[in-house]
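Structure record follows, encoded as structure tokens.
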Amino acid sequence: MLSFLFFCFAGVAVLSAVGVILLPNPIYSVLSLILTFFVSSAVFIMLGAELVAMLLVIVYVGAVAVLFLFVVMMLDISRVRSRHGLVKRYPLGVACMLLFFGCMVYSIFHVKSATIGASEGVVGVGNVFLIGSRLYTEYAYAFQLAGVLLLIAGVGSLVLVAGGGDGRKSLKQDVSQQIGRSSKIRLLSPGVGAGVPDAE
């Protein structure tokens, strides 16, 4: 029964992942991505990794995928436009697909699978305790380094949003230009497509 459920969840995950790529509507693609995360979390629960499953649902579905969905809905993109020259990339995509499936077939028929049983020393211990103990003992420096990298990424994004010196100058008012403007008002009637001439 567990094997049947595992293959059902895995099959749905593969189909929804393919839908992320092939669906022409970006909103449907994001919804398919959310379905992929949900069924993947179900697979992790069956494997005994409850913490990873909950993190997948909370972080990726609750934050990342929903953010993608809101961005796509705000941009009002109904359908992906076909790009010029996309047909030329089909041979490369087909070659990568054949290489991927070749590796899958080789791993299925030539790599021996081993049955891994639960160790007697960790029976009854939760995933949170095991992952936390490994993070803060063996991988403490790597964990802190990941935090520093995230901090650098946050600071870098703020710097990019704030802009450089030219960006700040464009936000300032040019008082002399405002005072020196002419107070004359001209009534123009330009033709269709002619545009308005520059003020003298």
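Using the three backbone atoms N, Cα and C, a Cβ is placed for every residue, glycine included.
Under the heading transmembrane segment, TrEMBL lists 27-47, 54-75, 90-109, 142-163.
Long-range contacts of the transmembrane segment (142-163) within the same chain, counting only residues at least 6 positions beyond its ends with a Cβ under 8 Å from a Cβ of the stretch, are 135-136. Residues of the same chain lying 6 or more positions beyond the ends of the transmembrane segment (54-75) and with a Cβ under 8 Å from any Cβ of it are 26-27, 30-31, 33-34, 37-38, 40-41, 44.
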